[in-house]
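Enquirer: Handing you a structure now.
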Amino acid sequence: MGGPLGAIIGRYPSAAGGDEQLGGGASGGIIRHDRRCRDIAFLVLFAAFWVAMIVNSSFGFNQGNPLRLTYELDYKGNICGDKHGSPNLQELDVRYWMNPNQVYQSGLKDSKVNLADAKAICLMECPNPAVDGLNFICDYPEGDIHLSVDDWINRDYDYFEFLTPDMRNSSLQLQGPCYPIIFPTVNVYWSCQFIARASNVSLKHWHEMGGVSIDENILIDKTVHKAIDSRSAVLKRYIADIGKSWPVFIVCGGILPVFLSVIWLLMIRYFVAAMTWITVVLFNALVISVTMFFYIKAGWIGNDPLTVVIGESDPYVHISGREISHLHTVTILMTAVMIIAFLSSIAIVRRILIATPVLKVAAKVIGEVQALIAFPLLPWLILSIFYMFWFSATLHLFSSGQVVRNDCNTDCCSYDLKLGKVNCDNCCGYNIHYTPHISIAILFHLFGCYWATQFILACSSTVVAGSVASYYWARGEISHDIPFLTVVSSLKRLMRYSLGSVALGSLLVSVVEWVRFILECLRRKLKLVDSARESCFGKATSSSSECCLGCIDWTLKSVNRNAYIMIAITGKGFFKASVLATGLIMKNILRIGKVNVIGDVILFLGKLCVSLFCALFAFLMLDTHKYKSAHNKISSPVIPVLVTWALGYIVAKLFFAVVEMSIDTIILSFCQDAEEHQGNAQYAPPALMETLDEQGELQRLTQGP
């Protein structure tokens, strides 16, 4: 340390003011020294970042349409289900390709026909062939077809009997406006998946009417499935799942973790001796329960597996998808986590008792500074408002592409009801075009979420540290010297002096995390492109760089947490506070290392218990009829459950920071107290003295006389 901190954080006279009465004078107070604003440049940078976040999100709100994430486009560029389409497509949610030969030809290797250019319209449900005849699907009624959209729907989209001879002849050539229903279809994520089992009865009637040959091949099945199961389509469905699951996020990711965290804090306050064991047992039970739910949805246990089909379907039709593959992968990972968690719990059983005395000290702090339990509700409210804005902006940003006409050279003709003749100049379909700047906007949006979250968590931790430091350094003094609202006082100091330092610390963590994320994406991309040529040196370099960044990230988070404590106590800037905290820890590493590590493990398990319980409850909500059918059907429970788990963990981290920062602040204060009083801490609570006495004796033996 660069000198004693007694004048800064103590209540006793400093070398500069030895004659001053305790707590008296203008400079008196629990935390007594001159403060000034620190790291102002980073506070300005954080404010500029928020302006950029608002501008970036406004682009998404202006250009995006979340309907694009769930529903597809018809041949006119309308979004299925959009009431503002032409015609009104409200409740017409399902995309259906009318010409089966176009679907087949789009799957051929050297074909010029793309499925995106095949003629597709929007229907209420996927059609199936007639049992004893031939049914037709006809184009949207317009021109000479004097039917309303409602009448067209009531007639099962079939007005073949109203066609003129020219229209009938065109339809028999598969040029519309009516097309035969030859293949059964099922609704797979709001697109009609063809089943390559042509109806013999319908084909017979079609041929008797003089219709052209229709290709019967398994390729018609695979072509549609390939489009529905593409990476971009799956990503859009995952993002759409977030929009559909907002009630789950509010209940399981917002309200439930607050209730559970407060219950945990109260139990720590009154049943601290038993809570360490309860936490370990409950953690293992929750990990097993969540894993079993994944097994059920993966279809490996029970009869309620995930299905890609919306609504009822033939039980003999088995259609897989990436979502099911991803679910299987997550299930295997959860199995590994369950095994590791169980073995780790056994390994730390003997060391759990070491954490109990430290938790008792933290419980005493919570009991005497009771405002600490309620304080996390303030950052929780701020985070809730931010996440509502952020998730809404996310849905709009991911759907902010432009609907543009494809550039194609396909040879096709179809009957144009407006022109009243066959038109061969309108063969290209529509697609959603995403420009590169949208990708940059999304990446910035994701980074902004992480930085804002880290900033709010850091502010909360700093306020708690300031409150606990005031409590510690008032030990042995008159109780009324402790401010009635120590939390409010600490919050005022943060808002007035230290926001820039907190912004800097949270930015450093966010940048390191983001670099890890980008490098991981590049590594995966290079691995897919050149997996066969990847050398051992390349693999070793990739793994070592990832390991180094992980160690840097872990170290930085640990340094940050202690830096926030010193910021709250001393009012120093971020880097100076980091140096002070690191020096203090290194001088007392033998004294605090063992106790602090075990305490952190128990608190980490407690946060996991809260978040896993939220994930388990999310599974139960997502398993109801609302999210398994019709428009609210989610493609997979994986993303909503993971998001709920993350939200639950963040909320738990807010509340558990009360205990976590209490322990760290008291231990750092204890070390400084002992250093300034020749190894005998004068302000430490008795329980803490008993806990750290053995560590202090070991330190004295290693350092010598």
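Any Cβ shown, glycine's included, is placed from N, Cα and C.
Straight out of TrEMBL:
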TRANSMEM  40-61  transmembrane segment
TRANSMEM  246-267  transmembrane segment
TRANSMEM  274-296  transmembrane segment
TRANSMEM  330-349  transmembrane segment
TRANSMEM  369-390  transmembrane segment
TRANSMEM  451-473  transmembrane segment
TRANSMEM  494-519  transmembrane segment
TRANSMEM  563-585  transmembrane segment
TRANSMEM  597-622  transmembrane segment
TRANSMEM  634-659  transmembrane segment
Enquirer: Do at least three CB pairs under 8 A connect the transmembrane segment (563-585) and the transmembrane segment (597-622), leaving out pairs fewer than 6 apart in sequence?
Expert: no
Enquirer: Please work out whether the transmembrane segment (369-390) lies in contact with the transmembrane segment (634-659), by counting C-beta pairs under 8 angstroms that are 6 or more apart in sequence and asking whether there are at least 3.
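Expert: Yes, the transmembrane segment (369-390) and the transmembrane segment (634-659) are in contact.
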Enquirer: Counting only pairs 6 or more apart in sequence, are there at least 3 Cβ pairs under 8 Å between the transmembrane segment (563-585) and the transmembrane segment (40-61)?
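Expert: Per Cβ check, the transmembrane segment (563-585) does not touch the transmembrane segment (40-61).
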Enquirer: Looking at 246-267, 330-349, 494-519, 634-659, which one has the highest count of Cβ pairs under 8 angstroms to the transmembrane segment (40-61)?
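Expert: Comparing 246-267, 330-349, 494-519, 634-659 against the transmembrane segment (40-61), the winner is 494-519.
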Enquirer: Between 274-296, 330-349, 634-659, who has the most Cβ pairs under 8 Å to the transmembrane segment (451-473)?
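Expert: The stretch I would name here is 634-659.
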Enquirer: Are there residues at least 6 beyond the ends of the transmembrane segment (634-659) whose Cβ is under 8 Å from a Cβ of it, and what are they?
Expert: 189, 234, 237-238, 240-242, 244-245, 248-249, 252-254, 256-258, 260-262, 264-265, 268, 297, 306, 308, 323-324, 326-327, 330, 359, 362-363, 366, 372-373, 375-376, 379-380, 383, 387, 453, 457, 460-461, 464, 603, 606-608, 610-615, 618-619, 622-623, 627
Enquirer: Against which stretches of its own chain does the transmembrane segment (494-519) lie, if we need a Cβ under 8 Å and a gap of at least six residues from its ends?
Expert: 35-43, 45-46, 447, 450-451, 454-455, 457-459, 462-463, 466, 545-546, 549-550, 552-553, 556-557, 560, 563-564, 567-568, 571-574, 577
Enquirer: Below 8 angstroms Cβ to Cβ, which residues of this chain, lying six or more residues outside the transmembrane segment (274-296), approach it?
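Expert: Residues 264, 267-268, 302, 304-305, 327, 330-331, 334-335, 337-338, 341-342, 345, 348-349, 352-353, 355-356, 359, 602, 605-606, 608-609, 612-613, 615-616, 619.
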